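Visitor: Pulled these features from TrEMBL for this protein:
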- 11-459: domain 'Major facilitator superfamily (MFS) profile' (DOMAIN)
- 12-33: transmembrane segment (TRANSMEM)
- 53-78: transmembrane segment (TRANSMEM)
- 90-109: transmembrane segment (TRANSMEM)
- 115-135: transmembrane segment (TRANSMEM)
- 147-167: transmembrane segment (TRANSMEM)
- 179-200: transmembrane segment (TRANSMEM)
- 271-295: transmembrane segment (TRANSMEM)
- 307-325: transmembrane segment (TRANSMEM)
- 337-356: transmembrane segment (TRANSMEM)
- 368-394: transmembrane segment (TRANSMEM)
- 436-453: transmembrane segment (TRANSMEM)
- 474-500: region 'Disordered' (REGION)
Amino acid sequence: METYSAYNVQIVLFAAFGSLLGGYGLAVIIATVGQPSFYESLGLQSDPTAPDYAYTNTIISTAQGIFFAGGFFGCAFISIAGSRFGRIRGFQAAAVVGIIGSAIQTGAISPAMYIVARFITGVATGQTIAALPIYFAEVSPPHSRGLLAGAHGCFINVGYAAANWIGFGSYFSKSSFAWRFPNAVLLLWALCFLAGTFIIPESPRWLVIKGREQEALAILRRLHHDPRDAEDSFAHQELRGIHEQIEVEERINQANGKWQIFTVKTYRNRLILACMVIAGTQNTGVLVINGYNALLYQSLGLSNTQALIVSAAYNTFAMIANFIGATFSDRFGRRKLMLIGFTSTVIMFIIATGLVGQYNQTKTKELAAASVAMFFLYVFCYACFIDVNCWTVATEVFPTHLRSQGAGIAMSFLMSADLLWLQLSGTATATIGWKYYIVFIALTFVHIIHLWFRLPETSGVSLEDMDALFGGSPEVHSDADHNSTATKPNVSEIELEPKA
């Protein structure tokens, strides 16, 4: 019988320190550049009206951009190393890189040192963002994959919210503690993640690829243990299905070579879908709003302190929405929820854009309050319906032997989109203001149309059955009760030791 256990939850919570590391690493720069002592420590001009402030602006823009460049390389690393060395080794590499980067970032005494540190922490963030959704998908049973794998998006937002509140709490310090302490907390998350990698097990699917079926079975028994099933029949069934599908994939791999993710139509279509899903999340404008929301709220008449509080509340609201969305991801289906998410998000964004435009003409408090409320509704729709599902979709659609490569490429698109929008945003918001949001509205409509025609329903489908959804190799499939059967006649049976 398919079930998830307390062990599943324990694994997810330990691994989620990596998600928290990624989210916190993304957001901590927002708290950092808002602290006057940061500019003093690095010898930068903090007065926007000063003649040499252009240099400061260049340093901040470079620090933001270099982070996502590092993230791109981190994703590329996982694309190559995840399949070769295993999921846990990839996590450990990310944690060590995160420790090094956050330590340098915390102790930075010059702009160059801080920029190098941001690149290194960007690499770690790219590694975690690309690797963790793969792992969550591979240790979750089909009908609970949305709930458990959705933890990735949830804890990224926990990191965002934590960075905002810790930054706000440190804001009132006059010393360098105000910006060094929030960066030091990033080191804490990296250490916790590293410690967790010695507790959580390797992916059973990766173990089967390496011929270590007995280790995989022992892990599957713990993952899906049900007191009502003394024989752990679901664990045996899942292992058999994994083994059979991997045999099929190995034959396909030998026939099509190492570039098959680009040359085989079904794999290429899945890669395009995953890249569009991930890029689509950023094309909603969510990162631009997150990165500039304090400035946005200040432009709506809030004081600096009020803007920081509202920014922190905004990300906390998103975090809550993530957890809510994870609870019904499997029940209602990821296709339906993502279409609802993109549609509702663009509606909220259109209304918010109109309200901000009207406020710029009238400067009334009512319009300012309404604008803030619409941005909160916007991020609720995004977090509840899109963010909690996009990571799962972008990894579960790939076969086991291509999952690290496919997810790594898709997440590289995420980093590229983030880099593009953040580099454009400073100039765009300064020149055309709220009209910049129209670009994201148009792009979101494009993604709605694409998802409508290209995204099948993946909820409740085992990872070994994804081929059938994409017209690939349905040699191995599971029936409604997930009893794996092979339609290809020469797939060998797995000799399993009886349960002790």
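Cβ atoms are placed via backbone N, Cα and C, with glycine included.
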Visitor: Between the transmembrane segment (368-394) and the transmembrane segment (147-167), are there three or more C-beta pairs closer than 8 Å, counting only pairs 6 or more apart along the chain?
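Guide: Output yes: the transmembrane segment (368-394) sits against the transmembrane segment (147-167).
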Visitor: Restricting to the same chain and to residues at least six past its boundaries, which positions have a Cβ under 8 Å from a Cβ of the transmembrane segment (53-78)?
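Guide: Residues 25-26, 29, 33, 39, 42, 44-47, 90, 93-94, 97, 111, 114-115, 118-131, 291, 404, 407-409, 411-412, 414-416, 418-419, 422-423, 426.
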Visitor: Any contact between the transmembrane segment (307-325) and the transmembrane segment (147-167), i.e. 3 or more CB pairs below 8 Å with pairs at least 6 residues apart?
Guide: yes
Visitor: So, do the transmembrane segment (271-295) and the transmembrane segment (115-135) meet, by the test of 3 or more Cβ pairs under 8 Å (sequence gap 6 or more)?
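Guide: No, since the transmembrane segment (271-295) and the transmembrane segment (115-135) share fewer than 3 Cβ pairs closer than 8 Å, they do not count as touching.
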Visitor: With Cβ-Cβ distances below 8 Å as the criterion, list the same-chain residues six or more beyond the ends of the transmembrane segment (90-109) that contact it, or say none.
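Guide: Sequence-remote neighbours of the transmembrane segment (90-109) are 15, 18, 21, 25, 41-42, 74, 77-78, 81-82, 116-125, 127-128, 131-132, 135, 180, 183-184, 186-187, 189-191, 193-194, 197, 404.
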Visitor: For the transmembrane segment (179-200), could you work out the same-chain residues 6 or more beyond its ends whose Cβ comes under 8 Å from its Cβ atoms?
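Guide: Beyond its ends, the transmembrane segment (179-200) has Cβ neighbours at 11, 14-15, 17-18, 20-21, 24-25, 28, 31-32, 35, 37-38, 41, 88, 91-92, 94-96, 98-99, 102-103, 105-107, 121, 124, 128, 159, 162-163, 166-167, 170, 173.
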Visitor: Grab the pLDDT values for the domain 'Major facilitator superfamily (MFS) profile' (11-459) and give me their mean, rounded.
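Guide: In the predicted model, the domain 'Major facilitator superfamily (MFS) profile' (11-459) has a mean pLDDT of 91.
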Visitor: Verify whether three or more Cβ pairs under 8 angstroms connect the transmembrane segment (436-453) with the transmembrane segment (337-356), leaving out any pair fewer than 6 apart in sequence.
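Guide: Yes, the transmembrane segment (337-356) and the transmembrane segment (436-453) are in contact.
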Visitor: Which residues of the same chain, at least 6 past either end of the transmembrane segment (12-33), have a Cβ under 8 Å from a Cβ in it?
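Guide: Beyond its ends, the transmembrane segment (12-33) has Cβ neighbours at 60, 63-64, 67, 91, 94-95, 98, 102, 118, 121-122, 124-125, 128-129, 131-132, 135-136, 139, 148, 151-160, 162-164, 166-168, 170-171, 179, 182-183, 185-186, 189-190, 192-193, 196, 199-200, 290-291, 294, 311, 315.
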